[in-house]
Amino acid sequence: MEKGISRTLGGNGCAGLNSFSRAYNARSVQKRKKIGEVFGRLVAFLAAALVVVLTLAIIYFIGAKGLATFTVNGVSVSEFLFSSHWWPDRPVEQGGPMIGSFPFILGSILVSLLAVALSAPLSIIVAVFMAEIAPGWGQRALQPAIEILAGIPSVVYGYVGLSLLVPFIRNHIGGGGFSVLAGFIVLSIMILPTIISVSTDSLRALPPQWKEAALALGSTRWQTIRLVLVPAARSGLITAIVLGLARAFGEALAVQMVIGNTRTIPHSILDPVMTLTSAITIDMGYTIMGSLWNNALWSMGLLLLLMSFFFILVIRVVVRGGMVR
C-alpha cells in the first residue's frame, strides 16, 4: 500500500516537474525572441537614422559652401547661371574675377540630353527583346553582357573613347576629335545598362493576363508589344530614362577625357566643351579653400545636387502617376 502511494506521488511529481520545465523553456525562448526583435529594430533604426544624418550633413555642407559664392563673395545668381565668362582668378586691375558657369551648364545639358536621345531608343528595344522575344538562351547571353557593361569603370570607358573614338572623329568626321560628339557617344554607352535593366524589370512586372487578353483578341505579338505592353509600362520606361539622364549628368571622368574641356560655348557637336563635373574635377586642385574660385566650384556642386533632387522628384511623380493609372 505504501509503495503504491509512493509510486503514484513520484509519477505525479515527475509530470509536474516536466510541465514546469517546458513552460520555463517556452518563456525563455519567447523572452529571447523579444530581445532579438527589440535589438533588430534598434539596429534598423540606428542604420536608418545614420543614413538620414549623413544625407542632411552632406546637404548642409554643400549648401553652406555653395551659397558662400552669393552670400560672402557677393556674386549675383544671374551672373553665375547666365554669364558665359569664366575667369575666377582675374586680377582686380583688369576688372576683377568673372564667375559665369553658363558654358559648363550648357555643356552638361547638351552632352547628357544627346546621350539619352541616343541611348534610350536602343535600350528600350533591347529591353523589349529581353522581356518578350528572346528565348532562354538569348536572355542568358544578354544578361551577363549588360552586367559587364555596368561594371566597367568610368576610366576604362574614357580611355577607350580617347584611344579609338576621338581619333576616328578627327580623321573621318572633322574637328579636333575632342568634342560634344565624343562625349555623348561615350556617355550613351555608359548609361545603356541602367536604362535596359530598369526597362526590362518594368516590362516583366506587367500582369501576364494583359498579354494573354491581347493575343486572345487576335493581336499579333508586335501589336501586343507596341499597343499594350509598352504603353502599360510607360511610367517604368520614363523612370529608366530619367535615371539614365541622372547618371549621365553626374558623370565626370570618362566625359572629361574626351570632350576637350574648353571654357567656351560650343556651336556644333564637333566643338570641344566643358561640363560642370569636369570643371569641378579639373579646377578644384588649383583653388584655395574659402576663395571665390573655390566657392564657385562648390556652387557648381550645389547645382548638381539640386539637379539630383529634381531627377528624384520627376521619378516620384512619374511612378505615382503610373500607380494611379
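The backbone N, Cα and C atoms fix where each Cβ goes, glycine too.
Bear in mind that TrEMBL entries carry predicted annotations, made automatically and left uncurated.
Small disclaimer: the values here were computed from a predicted structure and weren't measured.
The domain 'ABC transmembrane type-1' annotation in TrEMBL covers 105-315.
If you look at the transmembrane segment (38-62), the same-chain residues 6 or more away from its ends with a CB under 8 A from one of its CBs are 298, 301-302, 305. Taken from TrEMBL, the feature transmembrane segment applies to 38-62 (among others).
Annotation source TrEMBL lists transmembrane segment at 104-133 (among others).
According to TrEMBL, the feature transmembrane segment maps to 145-169 (among others).
Panel annotation: around the transmembrane segment (175-196), residues 107, 110-112, 114-116, 118-120, 122-124, 126-127, 130, 146-147, 149-150, 154, 157-158, 160-161, 165-169, 240-241, 243-245, 247-248, 251, 254-255, 258-261, 266, 268-273, 275 of the same chain, lying at least six beyond its termini, place a Cβ under 8 Å from a Cβ of the stretch. Annotation source TrEMBL lists transmembrane segment at 175-196 (among others).
Tertiary neighbourhood of the transmembrane segment (227-249): same-chain residues 108, 111-113, 115-116, 119-120, 123-124, 127-128, 132, 187, 190-191, 194-199, 201-203, 205-206, 210-211, 214, 219, 304, 307-308, 311, 314-315, 318-319, 321-323, 325, selected by CB-CB distance under 8 Å and a gap of 6+ residues from either end. Annotation comment: TrEMBL describes 227-249 (among others) as transmembrane segment.
Within the chain, the transmembrane segment (296-319) has long-range Cβ neighbours (under 8 A, six or more residues past its boundaries) at 59, 62-63, 65-70, 73, 75, 80, 88, 99, 101, 104-105, 235, 238-239, 242-243, 245-246, 249-250, 276-277, 279-280, 283-284, 287. Annotation comment: TrEMBL describes 296-319 (among others) as transmembrane segment.
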